[in-house]
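Quick look at what Swiss-Prot annotates:
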| type | residues | note |
| --- | --- | --- |
| DOMAIN | 31-135 | domain 'Calponin-homology (CH) 1' |
| DOMAIN | 144-250 | domain 'Calponin-homology (CH) 2' |
| DOMAIN | 746-781 | domain 'EF-hand 1' |
| DOMAIN | 787-822 | domain 'EF-hand 2' |
| MOD_RES | M1 | N-acetylmethionine |
| MOD_RES | S6 | phosphoserine |
| MOD_RES | Y12 | phosphotyrosine |
| MOD_RES | S471 | phosphoserine |
| MOD_RES | S677 | phosphoserine |
| MOD_RES | S890 | phosphoserine |
| REGION | 1-247 | region 'Actin-binding' |
| REGION | 274-733 | region 'Interaction with DDN' |
| REPEAT | 509-620 | repeat 'Spectrin 3' |
| REPEAT | 630-733 | repeat 'Spectrin 4' |
Amino acid sequence: MDHYDSQQTNDYMQPEEDWDRDLLLDPAWEKQQRKTFTAWCNSHLRKAGTQIENIEEDFRDGLKLMLLLEVISGERLAKPERGKMRVHKISNVNKALDFIASKGVKLVSIGAEEIVDGNVKMTLGMIWTIILRFAIQDISVEETSAKEGLLLWCQRKTAPYKNVNIQNFHISWKDGLGFCALIHRHRPELIDYGKLRKDDPLTNLNTAFDVAEKYLDIPKMLDAEDIVGTARPDEKAIMTYVSSFYHAFSGAQKAETAANRICKVLAVNQENEQLMEDYEKLASDLLEWIRRTIPWLENRAPENTMHAMQQKLEDFRDYRRLHKPPKVQEKCQLEINFNTLQTKLRLSNRPAFMPSEGRMVSDINNAWGCLEQAEKGYEEWLLNEIRRLERLDHLAEKFRQKASIHEAWTDGKEAMLRQKDYETATLSEIKALLKKHEAFESDLAAHQDRVEQIAAIAQELNELDYYDSPSVNARCQKICDQWDNLGALTQKRREALERTEKLLETIDQLYLEYAKRAAPFNNWMEGAMEDLQDTFIVHTIEEIQGLTTAHEQFKATLPDADKERLAILGIHNEVSKIVQTYHVNMAGTNPYTTITPQEINGKWDHVRQLVPRRDQALTEEHARQQHNERLRKQFGAQANVIGPWIQTKMEEIGRISIEMHGTLEDQLNHLRQYEKSIVNYKPKIDQLEGDHQLIQEALIFDNKHTNYTMEHIRVGWEQLLTTIARTINEVENQILTRDAKGISQEQMNEFRASFNHFDRDHSGTLGPEEFKACLISLGYDIGNDPQGEAEFARIMSIVDPNRLGVVTFQAFIDFMSRETADTDTADQVMASFKILAGDKNYITVDELRRELPPDQAEYCIARMAPYTGPDAVPGALDYMSFSTALYGESDL
């Protein structure tokens with residue numbers, strides 16, 4: 001059988017799966033684990049003639065880790081990698097981890113990279129996994145798991161010792177007595193246990209650790225001070241150390257195993273005997289309870305009152321809820337115990353159990369069946385009796401409820417039917433009262449069924465000789481008499497409501513006609529007042545003319561509006577005549593509108609007053625718009641001249657910069673004269689600014705007489721000045737380049753001609769392909785092969801350092817001047833510094849100050865980095881990096 005099958009693997013690895021790795025962040029626990037795990041590893045590595053000092057460092061290359069596994073397993077691992085690279089280390093660690101996994105161990109979140117990186121938490125977790133697999137897994141006491149078996153072994157070995165109570169692998173060991181007890185139990189000559197004191201843990205711990213190391217060959221894996229100074233010592237460190245004691249004393253286990261075997265047999269026999277006694281007692285108690293309960297359930301004596309029957313039902317419910325469930329459980333447990341006992345006896349080769357007479361499981365089941373039958377008959381009888389009494393109580397309660405509901409419904413109904421609220425109501429209120437009365441009639445008809453039900457229930461109670469029948473009959477008669485009276489009052493009120501409705505309908509029609517015509521006329525007047533008082537905002541002559549035309553059209557509608565006003569007032573006067581003639585009691589005003597004749601007359605007068613005010617406002621605005629139009633035309637006339645002039649000058653400058661002839665000095669003089677002529681145009685720009693200021697003050701936002709805005713003119717003017725200044729600057733830079741590089745005028749003209757030839761869009765710049773064609777025309781050998789492409793990329797990085805994708809003429813001139821003239825280089829400067837330094841690779845401060853002018857010497861001293869070569873002397877400076885930095889080949 002495989003000792004490391006899946007079941008055992010799960011058992012001994014259970015602590016690892018439950019291990020909270022974050023606890024390793026506790027410095028005290030980490031310290032204990034470091035020391036314990038290091039000592040445990042060294043106790044095995046010393047067999048191979050080696051050891052470790054730093055647990056997270058010495059296992060990083062995987063060599064000692066593989067050696068440790070070979071020692072503790074007695075097996076050979078794959079040949080390790082001897083290289084020093086990270087990949088070799090990871091390979092070795094993976095071989096070790098694969099070997100551990102092959103033993104049925106689950107490696108939870110442990111990877112080779114973390115071990116190689118020296119991750120303390122992962123390294124300690126890996127060593128703990130190894131300890132579990134190879135030092136603790138095989139520990140088993142009475143079929144317990146590894147951890148529980150080790151704990152049980154400790155408890156049994158220390159049980160006879162006072163002040164020792166091993167419950168765990170942390171605080172139970174803090175006083176040191178547990179370690180001393182383990183040693184004394186197996187080697188009593190090594191420790192005088194009677195002299196140990198519980199209040200002196202340091203002495204106890206040091207005594208146990210020293211004796212174990214000296215006489216038992218168990219290395220010292222813990223520090224007494226660390227255990228005492230920690231509230232909860234690390235469980236894994238304690239388990240590792242205690243497992244060493246277990247293996248050291250494993251020889252003493254044989255006698256204990258034999259004793260355990262005998263105890264186990266006796267325990268099984270005692271347990272079986274106890275189960276037999278429990279069965280007999282439980283069966284006797286259950287049968288006695290059934291015997292007492294059946295007569296109670298067979299009692300069928302009836303009760304006269306509902307309360308008494310309900311009490312019997314409540315007692316029966318208590319029996320079902322409180323008394324019977326525990327007995328059901330006892331019966332079930334009795335059967336379970338019987339079956340369990342028979343199984344245990346059969347498995348342990350004992351004879352089957354035979355209960356005493358009358359206490360067999362079948363006897364109990366028969367008695368229980370009799371109980372169930374009596375219980376069922378008793379429950380049916382209770383329910384029938386309760387139903388019989390409930391019927392009478394239900395009918396009486398039903399009569400009272402229906403009578404109460406009917407009486408509550410009729411309360412106030414007679415007073416409501418006698419009131420004359422319709423005499424002062426409006427037509428809508430009359431119609432509402434009629435609808436309400438119709439609803440009441442429907443409600444009255446619906447309640448007819450309830451009255452009939454009340455009479456029928458009273459009749460049934462009389463037939464069943466209900467004890468309180470007289471009061472029921474009196475109440476029923478009163479309800480019937482009241483019902484007849486409500487019917488007569490209902491008919492009388494309907495007739496009165498219908499008469500009043502007809503009288504008010506005529507007035508209502510006139511009110512409705514008034515409202516239909518008054519509302520739109522009122523809206524028209526309100527709209528007219530809003531329009532006449534509306535603040536208009538216009539920007540053109542056309543807009544103000546449109547407003548004036550609309551106002552004249554409005555004034556033409558006023559006579560017809562006045563006729564409509566008089567017609568509406570005539571309807572109101574007709575209503576007043578009808579009210580006076582027929583003495584109608586009007587409770588309120590027109591229900592269809594809140595508009596009164598007084599409001600109509602008041603708003604009409606207001607409209608007549610607003611018309612001349614609107615006339616005056618439109619006249620004043622018309623004059624203002626005429627003035628604004630003159631300002632627009634004045635600005636447009638000037639802008640239409642200045643705008644094209646600026647555009648023309650911009651185009652001329654573009655042509656001049658491309659088509660310049662003569663010497664650079666002649667071109668520069670020509671450009672400056674051209675710039676002067678442009679600057680002399682400034683007064684016209686200022687005059688246009690003045691006109692623009694007047695337009696802004698007049699709040700004029702558009703101008704159909706020109707497409708040019710002042711902002712457009714300003715931007716164009718600034719661009720014009722900037723362009724001529726930039727062109728002059730380019731010519732000045734060309735002169736500086738020519739003089740500095742010794743370029744002749746013929747070369748400059750040739751460069752300009754070549755550049756202009758390939759600048760086909762006259763933009764003043766060359767694209768990459770245009771620039772490449774230009775270089776080829778000047779004799780550069782730039783092919784389409786990889787070498788040619790690389791050379792062209794190098795040149796582009798010089799002329800277009802910002803990678804804008806274009807080459808300016810100035811960049812072109814700079815490049816051509818560097819290509820055709822002698823230049824100084826970083827190598828030349830380094831060679832010069834080497835001469836000053838006496839052929840050394842560095843230079844000193846004194847040499848710089850002796851050979852160079854003071855200001856230049858201090859400049860070099862402040863910027864040169866210290867020289868760090870093997871031949872450096874104090875104060876040596878690195879002139880090589882300084883020289884390359886001067887030419888942008890490194891950082892200065």
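Quick reminder: no glycine exception, Cβ is built from N, Cα and C everywhere.
Mapped onto DSSP classes, the domain 'EF-hand 1' (746-781) shows 23 helix, 2 strand, 11 coil. Residues 730, 733-734, 737-738, 740-743, 747-748, 751-752, 755, 763-768, 771-772, 774-775, 778, 781 of the same chain lie 6 or more positions beyond the ends of the domain 'EF-hand 2' (787-822) yet place their CB under 8 Å from a CB of it.
Under DSSP, residues within the domain 'Calponin-homology (CH) 1' (31-135) fall into helix, strand and coil as 71 helix, 0 strand, 34 coil. Other Cβ atoms within 10 Å of the Cβ of S677 (phosphoserine) number 10 in total over all chains. Note: the Cα of S677 (phosphoserine) and the Cα of S471 (phosphoserine) are spaced 128 Å from each other. Secondary structure at S471 (phosphoserine), taken from DSSP and collapsed to helix, strand or coil, is helix.
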